[in-house]
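S.K.: Structure in structure tokens, see below.
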């Protein structure tokens, strides 16, 4: 290691050294040789400096000649333009799915940009514009020419804050608006207007009914209109700001040239720079330097160097050296050597050591308080403290080695002194103290839990040992900062200090850094984090910085580092984000979503841990805050329980088949987590009811200990899974098998839990993670109605989350989807399951004009398919079908004549809704009267033969009130069908009030039914019947719920009983077919369905009738159930049959329908038994005599 070369200290103009000579660290045996080496070295370096200075002056002769210094101030304009472009890109990515976290970051960034621009404009108003006005007043001939332009610039400065405030207020409005979509049923004239405004869902990924007329969804995003207004406002803001910057440059440049001398401009430049707020200047200068090219960058800094005093230039150099990378910094110092001289006095290369000391100090204080509060009889709390002590011991050991082998060793060589040995001795003493603490903890764990006396005595000794090492280490680090580090600063140059620090930090193994840096950042504040990484960026190699950036990015993705901390750090140091973008994220498929759940759990747990840690012990907590805290813990517990259940029931059994014995490693861990959550919730409940202050203090301390133990236990468990469990799942299962496993997890997740979890996850994830998560979810559920269910309440954009299929795959899937949609159109629909939205029979002419326009006829086959779709639509009248087909056939002719393709022949077919202030006129007798179901005991309850309920629904198709959809279908010549989703109004049968559909009456406040589904518009008040809404069927089913007594098979797209979870045979879209007996569509049928052994389905009633005559599946010809007993009886029957002697020598060539094997058996006129499986479910291929082929 050598001292900083004087060549780097030469002025660009004089070539003279600007700093005193430093002590050379060349190791010599005597003073004479030491001085000789020093003199020779300085002489040689001075000669090199003169040569280098001459070359530099020649190279930058044009750059140095700065005739108008104030023009260099426009480099700051480039920084503002670059920032507005970045903000515009981020604003273009904002959708209704953007989380509050992302919007908050955007708001902070825009506010930061506003503050910088206003600070710059204020400096211009205070210094430049008044100076120009004074010069203009001195030269009256020029005053009229330029006075208007200066006033215009000043007026723009005054309007800037107003422009920014408008956009910031809109962001505030968006944040104050609920994140999720709200159900907004409309009534009266609004309903009529909504019914007249129809649209075609153009995306086949979103609409399972291609070309079908649908109502606009009643689930509207409250944020969507605000976001449109926000983007428009920001676009206007960007245009105004950029226009102002251009006008300012065009107006002021001639002024600078005409009325200000070079010296005056230089003085004004210095005044503007020094008048700027220090915080704004530290952020603005690095941005300006990055925004311009190399030549402008050098011109700008040379101008500053020329017109600022040395002290002022040192003030400017500090933010540059702290913000720029080592490569950019070296380039600037080569061209502006005085920059390095100024920076040496302004920066602190040893900041990494002082910040590491702060993190160690904070950890020691936490452990000291923890050891005084934990329960010595709880092994989990002891183990959590043990893990923290082990971690801190590793950090201390590596840090001590770095100080002893690098700092102390180099100081000894320079100072020739041995007084630093005591520092190394103290490091040895501290290692002994750490070992003593670990021995105390092992001793506590060795005692029986029931032996409380010995445990409490050992715990007292442990607390004393922790306090002792905390006091010793804190005092030792203070001594190092007061004695050791000043010696390093005074005897080593800036470059040498950088080298020393890099050597010290290199003692920490690279594999340990992913744990150290997140822990270190969590202990620092925002400014300290920025200074730490600015120093690493400046002094370390590019490879080291990229590795550290990758570690931190991975920690943020896993939730080990607060995403907000990481985002703020990337905002302040863009090179961190640039390093991340160089490494493409590896997509492991749907399994990645499990890791994102880990991230959400970690982030929420860390927040709860911080809240509990900050609870005051000396005063009673607020009951409301404790109640809110208990709710958050309850939600997190449910989330962890769902995650653990999925692992225990689905993931581990699947891995056990491939890797026997792996599930034993995780036995009991989930039970311990559940027990810890239970203990935490019990303490919170007791804390809510506690009235005594002493009891509150005791409970708060107990709560802290439990939450710390939960924090350590759960994080350790998640780390263990990520290192051992999920990589094995990726290695041993194909992508398709992983999709099936994640599909099984979703198939047992209730809709209510998903509606809670998905918004929570969205708030935790970044925008790219949100996109990947939704893409994987839609990939797992692609064969189901999950996307349709999701779009009813979640802001979903299908094009954004498409899974990137090839064109051929997409066309194939769309073709299958069209077939599926055709089935929906022609089916009878029951109340217990609901198809997608559909059209009405009485429509505005524009509705089926959209249907007509949506049909793309490219061939005769397309024309035939389009006619079939129209003909099968039962929601259209015969007249409307005829008109659509007629216009479809006439399209080529009408288009060739340039006429309107759609001709309206029936404008009187639409009857508007008559609600609101006008009195409703009954369409049939008793329409507005309540209906009842008569029970066996003679009593009556509100409802109908299908459902018990207190409301009638107003069907969209004919605008009439019926008790339920099935009652409507029984008396009308058309069916409600898909329009049940569009139902918006109901009639309360208690008070007769017509109102938007809801579970509660807005007039009499009575509940319409015990169960209400806002998606299916289903009411049911029967206490003996359990109903749940399946997210993947997007209909209501009978049962207790997914994961309880039912599950949804993603391949079959059907809800089944849990008893069929492992035994049923999957047939893709098996539920989306007709019953082979009665030909009723099974997916939307209200009749119970029977799952056959072969995997096909039919109604239970049809099965009971069919099985009396046959046991063979009418679809695949396999046996519908286990027929072994029946085949045994046939064996006994044939054994007594003597007619087989008549067919001796005749052979039947048969094929078994059950095992699909062919064989030769003796001929029988009825029964032929398969030689392979023993089944009599066979068919004869041919008959021949024995010996003949």
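Heads up, the Cβ atoms here are built off N, Cα and C, so glycines get one too.
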S.K.: Under TrEMBL, the annotation region 'Disordered' belongs to which of these stretches: 802-844, 845-887, 888-930, 931-973?
M.R.: 802-844
S.K.: For a three-state summary based on DSSP, what are the helix, strand and coil counts in the domain 'CHY-type' (937-1006)?
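M.R.: Going through the domain 'CHY-type' (937-1006) residue by residue, I get 13 helix, 19 strand, 38 coil.
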S.K.: Can you tell me how the residues of the domain 'RING-type' (1075-1117) break down into helix, strand and coil by DSSP?
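M.R.: Its residues divide into 7 helix, 8 strand, 28 coil.
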S.K.: Could you tell me the mean pLDDT the prediction assigns to the domain 'CTCHY-type' (1008-1074)?
M.R.: 87
S.K.: When DSSP states are grouped into helix, strand and coil, how many residues of the domain 'CTCHY-type' (1008-1074) land in each?
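M.R.: The breakdown for the domain 'CTCHY-type' (1008-1074) reads 3 helix, 24 strand, 40 coil.
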